[in-house]
Each structure stands twice: as structure tokens, then as C-alpha cells.
Amino acid sequence: MWSGLRAIPNRHVAGHLTITLILANIVLGVSVFSYGFDSALYNTIQAMTPFEERFGSFNHKKKKYTIDPTHLALLNSFPLLTYAAGVFLAQQLGERFGRRIVLISMQFLCIAGLIVTYTAKDFGQILAGRCLVKAHIGMQQWLIPMLLAEIVSAAIRGFMVMFYIFEQELGALACSIITNFTAKRLDDSSWRIPVAVMVIFPCFVLFFHWFIPESPRWLLRKGRFDDAVDSLQYLYGCSLEYSALEEAQLLKESLNEADNISKGSWRDLMRGSNRRRTMIAIVAGAMSMLSGSPFTSSYGTVFLKQLGSIDPFTGNMIKKIVILCGPITSILVIERLGRRNMYLIWGLMSCLALITMGGLGCQNPLGKKYKTGIVAMTIFFPYARVVSFGAIGTILPAEVSHPRLRDKTAFTAWMTQNVFDFALTFSLPYLLEAPYANLQSKVGFIYGGFSMLGIIWGIFCLPELRGRSLEEVDEMFEQRVPAWRTKTWKSKNLNSIGVRITQFEKNNVGTGEHQQDKLDDTPDKLSM
């Protein structure tokens with residue numbers, strides 16, 4: 001099967017894109033699509049009446065079936081423990097056996113979780129199904145942003161990693177469209193149909209995972225130089241000017257230099273310049289949650305249903321359409337404005353939207369105009385959050401880490417994000433509903449306050465990494481350049497390995513004339 005797929009001619013498409021790179025990103029994109037589909041799936045079906053009747057209890061006060069805050073908190077927060085287990089498992093497998101084995105394993109885990117969910121008869125089983133799917137999400141969060149950063153050139157790294165968020169939100173939109181129609185059904189098929197649809201995506205990835213090569217940077221760290229050359233040749237070997245051997249030698253030289261600073265132990269995360277890198281990755285991961293992600297991802301539909309001013313499933317679909325504009329915005333501006341400007345501008349928008357939502361919720365009683373305003377802010381703030389806090393929380397852990405610590409830095413960042421996700425998701429039902437805090441939309445003040453702190457942190461601590469190879473980023477951190485000077489920083493050593501790799505990728509990777517004659521010499525399939 002592989003030999004047939006590898007016979008597809010690799011050609012330069014545009015800029016730094018080749019056919020094989022696009023095919024690899026399509027397969028990875030479908031995997032990410034399932035992540036977005038999942039996030040919207042459980043958020044939405046838990047608001048369906050048949051789902052509440054199946055897994056909830058009768059509320060005599062409201063005279064209808066509901067899922068009480070405790071069970072709602074368990075359903076949305078307990079699976080985050082298995083998410084953490086998924087991140088840990090991915091880090092262990094990925095560091096020892098490579099990125100591809102993680103990709104394959106997590107698809108089987110996703111399918112198993114969906115089967116358990118589809119056949120669920122009680123709350124314990126639906127919780128178990130979601131736990132398995134959430135473990136798959138944890139593995140995916142650790143793997144894909146880092147793998148994308150490792151296989152694409154510096155000139156389009158931000159652009160391609162932003163596609164990760166786009167595909168995630170596209171999956172969420174697709175799910176909201178499906179659930180908007182199935183929600184009208186009066187039996188269990190209302191929530192089972194979306195679950196069954198989701199099985200398609202991991203099956204697709206398993207069938208076409210052959211398009212994805214092993215990470216050349218991981219192969220070099222493991223001493224597999226020839227395999228790294230093969231991987232680079234597969235991705236970019238369509239240009240007369242490109243030499244996979246030369247790039248592999250440059251990457252190996254950079255790795256040898258990095259070995260003089262760190263051997264990759266856990267202790268090294270907090271030593272020297274690595275302490276700053278680790279803290280940037282940790283804060284970026286934390287802010288992606290503290291800026292309000294659990295509010296929109298886990299309880300958005302439930303909140304709209306409680307507000308009562310709009311059909312919750314229609315409102316959720318509209319919100320997903322608006323949110324999808326977020327990664328599109330990121331794709332368009334990240335390599336033009338840079339990471340810092342994008343984060344600060346849209347982060348401020350998100351902050352103001354949250355505070356406005358909280359202010360509107362202070363009115364008592366809530367009139368129709370105020371409810372409409374709250375709905376508008378509930379729809380707008382996730383868009384701005386995705387462009388700022390969400391985008392930076394995804395890309396920074398893959399970009400700022402030391403070459404020998406990339407796996408461990410990503411693990412630390414995603415685990416930090418998960419801890420905050422768990423705490424916020426578990427506490428949110430108690431903040432929203434009576435007889436507890438009953439803040440409703442006034443939770444916007446809490447998330448808006450955290451967002452403002454994140455903006456202040458970004459001004460002083462967020463580096464600009466646009467257009468730099470991962471190796472040049474490494475050099476910049478070793479020189480301890482302040483965050484506000486990173487935009488204009490240039491290495492004094494124009495022959496440094498980081499600068500040479502950046503220039504090589506800009507001038508050679510994925511560009512130039514087609515080299516059809518060399519395609520016959522492209523190495524056979526990379527080994528698992």
C-alpha cells in the first residue's frame with residue numbers, strides 16, 4: 001500500500017508548500033477535526049432533552065429531567081484526568097518510539113471511547129466513554145502542534161500551526177450543525193447520531209496515516225541520520241535547489257551545539273535559559289484556560305439554554321460559525337503582524353467583551369435587550385480568545401522549547417493547561433447556578449480579570465518568533481534577549497547555525513523548480 005502512495009509525484013505547489021506536505025497536513029487536519037467535533041459533541045448533547053432523560057434525574061421543582069450541577073461537573077471535569085493520562089502516555093510513547101506511533105494509538109483509543117459512549121445506558125458508562133475520548137484528545141494536544149512545528153519551515157510555521165486551530169473549530173462547527181438538526185428528535189438517536197458520525201474521522205486517519213512521515217528532528221535526536229534525510233526528502237524533495245542531506249547536516253550541527261547546554265533531563269527545564277522558556281510555555285497554556293475557554297467549550301450550550309433568549313442549539317451553531325473566523329484571522333495575520341501584536345490586540349478585545357458581558361449581567365431583572373447583549377458577547381469573546389490566548393497557547397510550547405527538551409516542555413505546558421481546565425470546568429457549574437454562587441453572565445468579570453493579567457504578562461514576557469527557525473529561536477533565548485526587543489533582534493553572528501538554518505529554509509525548502517527526475521530516487525516508505 002505504501003509504495004503506491006509514495007509513487008505520487010511530489011511537486012512544489014506555492015510558497016513553501018509541497019504536495020506531500022499538504023497531504024500530511026490533511027491527514028493531521030482530519031485528526032484535529034475529530035478533536036473539535038468532540039469538544040462540541042459533549043457540550044451540545046448534554047443539553048438535549050433525551051440525553052437528560054437518559055442520564056439525569058427528575059427535578060420536581062422545575063418539573064422536568066435535568067442533570068444536576070454535581071453530575072454536570074463530573075461529566076465535564078473528571079475526563080480531564082484521563083486527558084492528563086493521555087498527555088503522559090503520548091509523551092512517553094513519542095519520546096521513545098516516535099510521533100507516528102502516538103498518532104496511530106490515539107485513533108484506536110478514540111474509536112473505543114465512541115463505542116462506549118454510543119452504547120451507554122447509564123451515567124457511569126457515558127462518563128467512561130467520554131474519559132476514553134478525552135484521553136485521545138490529550139494525546140492529540142501533545143502531538144500535533146509539536147509535529148507541525150517540526151516538519152514545516154520557519155516561514156510558514158505559524159501559518160500551518162494556526163490551521164490546527166482552524167480544523168479544530170471547523171470540526172466544532174460541523175458537530176453543531178449536525179446536533180442542531182438531531183436535537184429535534186425525541187429519542188436517543190438525537191445524541192447517538194452525532195456520536196456515530198464522529199467514528200468516521202479516526203478511521204480516516206488510520207487508513208491514510210501513511211502520508212505522514214516521522215519527524216526529522218526526532219529522528220536526528222535518536223541518531224537516525226539517514227532516516228531523517230529520507231523524511232526531509234519526502235517532504236521537500238521537489239526542488240533543484242533543495243538538498244535534504246544539507247538540511248539534515250545543519251539540523252544535526254544545531255543539535256550538537258544544543259547538547260553542550262542541555263542533555264534533556266527533567267531538571268534542565270528549570271536551568272539557565274530553559275527556565276524562561278518553560279515559564280513562557282506554562283503561562284501561555286494557563287492563560288488559554290483562564291481567559292474563558294471552559295465557559296464557552298463545556299457549558300456554552302447549557303448557558304444559552306438557561307438564558308432562554310435564543311434556541312440554544314441554533315445559538316451554538318451561530319457561535320461556532322463566528323468562532324471559525326478566529327483561526328481564519330490568525331492564519332491571515334500571524335505572519336504579518338507577528339505573535340505579540342496578534343496576542344495583544346485580540347486579547348484586549350476578548351477582555352473587553354468578557355467585562356461587558358459581566359456588566360450586562362448586573363441588571364436586575366434582565367430585560368430582552370440585556371439578554372441579547374449577553375448572547376452577543378458570549379458569541380464574540382470566544383472568537384477574540386481563539387485569535388489571542390488560544391493561538392498563543394497552542395503554538396508557543398512547540399516554538400520556545402530547547403531542542404532536547406521539546407517533548408518535556410510540551411508535556412509540562414499541556415499538563416498545566418489541563419490542571420487549570422479541570423479546576424475551572426469543575427467549579428463553573430457552581431459559579432453559574434443557584435443555589436450556589438449564581439453569577440450567571442457575571443463570570444465575565446472573573447475571566448475578564450484574568451485576561452487583563454494575561455495581556456500585561458504578554459507585554460513584558462511574550463517573545464516575537466515570526467520567521468525564525470526553531471534553531472534560531474534557541475540562539476535568541478541563549479542570548480537572553482528581552483521579550484520587547486525580540487521583534488527587531490538579529491544575531492550578531494551571521495554564520496551561526498540558527499541563522500543558517502533560517503536562511504536555508506527560506507531560500508530552499510519547498511521552493512524552486514520541479515525536480516521530477518529526482519522523484520524516482522525518493523526513498524521508499526519510512527519505517528514505523
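Numbers here mean position along the shown chain, with the first residue as 1.
Note: Cβ is positioned from N, Cα and C throughout, glycine not excepted.
Caution: TrEMBL annotation is automatic and unverified by curators.
What TrEMBL says about this protein:
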COMPBIAS  514-528  compositional bias 'Basic and acidic residues'
DOMAIN    24-466  domain 'Major facilitator superfamily (MFS) profile'
REGION    509-528  region 'Disordered'
TRANSMEM  12-37  transmembrane segment
TRANSMEM  71-89  transmembrane segment
TRANSMEM  101-121  transmembrane segment
TRANSMEM  142-166  transmembrane segment
TRANSMEM  191-212  transmembrane segment
TRANSMEM  279-297  transmembrane segment
TRANSMEM  317-334  transmembrane segment
TRANSMEM  343-361  transmembrane segment
TRANSMEM  373-398  transmembrane segment
TRANSMEM  410-432  transmembrane segment
TRANSMEM  444-462  transmembrane segment
> Does the transmembrane segment (71-89) come near the transmembrane segment (410-432), with 3+ Cβ pairs under 8 Å (pairs 6 or more apart)?
Replying inline: yes
> For the transmembrane segment (191-212) and the transmembrane segment (373-398), does the number of C-beta pairs under 8 Å, pairs 6 or more apart in sequence, reach 3 or more?
Replying inline: no
>> Considering only Cβ pairs within less than 8 angstroms, which of the stretches 12-37, 101-121, 343-361, 373-398, 444-462 has the most against the transmembrane segment (410-432)?
In response: 373-398
>> On the 0 to 100 pLDDT scale, where does the domain 'Major facilitator superfamily (MFS) profile' (24-466) sit on average?
In response: 88
